[in-house]
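Engineer: Next up is a structure, given as structure tokens.
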Amino acid sequence: MHEFWSAAIIGVSLGAQYALLALGFTLIFGILGVINFAHGGFYALGGYVAYSAVSGLGLPYPLAVLAAVLVTAALGYVYELFVIERFVDDHLATMMLTLGLYLMISTGLLAVFGPQSPEFSFPVKGSYSIGALRIAKENLVVLAVCGCAIGAIYWLIYRTDLGRALRALADDRQVATTQGMRPRLLFPLAFGLATGLAGLTGALVTPILALSPSAGDPVLVTSFLTVILGGLGSIAGATIAALIVGFIEAYASVYLGGSAGALVLFIMVLVILLARPTGLFGRQIRGA
Amino acid sequence: MAPESPAPRSSALAPSGASRPGGQEWAALAIFTAALALPFLTEDMLVSSIANQVLIGVMASLSVFIMLRMDLLSFATPAFMAIGGYTAVLLAMQGATNVLLLVAASFVVPALVAMPLGALVLRLRGTYFVLVTFVLTEILHLLLFMTPGLTGGSDGLAGFPAPTLFTMELADSRSVLVLAAAMALLGAIITVALISLCRQHFAAIEENEALAESLGLVVWRYKALGFVISAGIAGMAGFSLANMLLTVHPTSFGVQQAVDHLAFTVIGGRGSILGPVIGASTLVTASNFLGNQGQYAQGLFGLLLVIVALVARGGIVGAVAALFRRRRGR
């Protein structure tokens, strides 16, 4: 029975990480209509910035995480402002631009840090045990930080003027613009916010999993799966779908083994794309 | 709407929207024909290895190029390459080594798979089509790992007999290159025929699909035709790859390869058939000289993708053509 519960804890913890990634991804799609192929790149970059801050500058880990968020958010902001902004309505061009950025980030990391995974471990060690059940402390820390970040995003999007403006742009850009929202100001902000979330997740999670220049590949795939499942552009959908994906991965790895869980997810997503492209919880936001 | 209304004339696969191949298309065919001579001009291992990779890359890019004619960005090329490659290898292992049969099977089987698949996925457009083809490639990639009985799983399949032409065994490196060049020429002929025959139709779909449909074009027919032929050409590329590597392995058919083929096509220029040809030739050659196993090539592809998207929408071919036009205008 404790196998079941430990899988549940892993599932929640994975789900919270995926939610942070998927929220960023879905914000960019919902507000700008852009598929961000570079999302995994910002995750890997966040991990490497945190690693360099800890091992190079000797910063304490929480400050290193903050540095990772700032660097990835700034890069996302600048890239949107100077590069993506001019082509924001051309889906082919924005895909090339984000895909190109991803390839450059991962090659840049490879050139600077080399192909080996650096020694980067989580500062909190040990585990709590309840009966036969053991809960790693690092998982709890990640879960808590992710939970706070998710709460902060919801607050930002649903309780502040900035959030209202962003939601208005996502709903109908033309009407929102005539009402005085300024896409040129808000699009880079939204993009930077989203890439900062990817950087945060990278800085939190790569010390537990693994850090490598190609660490972003599986992240991109997971973000795709999650946002399609939840409905492209839907914030609540992304959060719920992230938990579903986390649980399926955790339970499949315990009870099915191998890549069966991934296959189940992919086939679910394929069926959803074909039968209900707006996702489980989505609504029609943008014409496909 | 009357269900029995006769289909408008322009909807038939008739010459109404067809045109003769243009100068760039003849030039592409000439390049492929010339490539057939290459194996007899050089014995150099490096040159023939790069030539092999270029020819395979060109074929895969032609498959991407056909889909881009209809404004559809496909990540499914590696999936169809895998189907073609594994089909040919499995046939050869059963003793059916006739090269004509293998080439035909590597085209026909992926094309047949693409028919029902196309009925499902071609309803999607834009971003959703990109995502669904991405997912298809991931699924096939996983399935290859999970069916060791048929595909050898993570070991792949190796040690299959060389293809034969009547009684001649096509095992030496020269015959491998000749076969690759012949398949690339065949792929180019099919592509030129398709895009000449459907030039106006594809252009109408690319420009405005809803408008084309409302004017009486049976859009799904052309999209299905393009998808099926694109799958077949990718399948031949898969066979060519297996024949060069002497093995088929799941790692050759992932999303990473889809990104490469996309880069070849878009950087070369998506507006003309010369684009994928020139894109694949230059980028494959460049990646052979960038770091060991071309690990830095990805960064170059990324940089070029960004530059093309920012300043040269027509890619290399488009930029050169614009330069010529400006010269002539002066």
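All residue numbers here begin at 1 and follow the chain in the order shown.
Heads up, the Cβ atoms here are built off N, Cα and C, so glycines get one too.
Found this in TrEMBL, in case it helps:
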type     : residues  : note
TRANSMEM : A:20-45   : transmembrane segment
TRANSMEM : A:57-79   : transmembrane segment
TRANSMEM : A:91-113  : transmembrane segment
TRANSMEM : A:140-157 : transmembrane segment
TRANSMEM : A:185-211 : transmembrane segment
TRANSMEM : A:223-248 : transmembrane segment
TRANSMEM : A:254-275 : transmembrane segment
Engineer: If we call contact 3 or more Cβ pairs under 8 Å (sequence gap 6 or more), are the transmembrane segment (A:185-211) and the transmembrane segment (A:254-275) touching?
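Structural biologist: Contact absent: fewer than 3 Cβ pairs fall under 8 Å.
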Engineer: Using Cβ atoms and a strict cutoff of less than 8 Å, what residues sit near the transmembrane segment (A:254-275) while being 6 or more residues removed from its termini?
Structural biologist: 3, 7, 224-225, 228-229, 245, 248
Engineer: How about long-range neighbours of the transmembrane segment (A:20-45): same chain, 6 or more residues beyond its ends, C-beta under 8 Å?
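Structural biologist: Same-chain residues near the transmembrane segment (A:20-45) but 6 or more away: 68, 71-72, 75-76, 80, 84, 88-89, 91, 94-95, 98-99, 101-102, 105-106, 109, 146, 149-150, 153, 166, 169-170, 186-187, 190-191, 193-202, 205-206, 211-220, 222-224, 226-227, 230, 232-235, 237-239, 241-242, 285-286.
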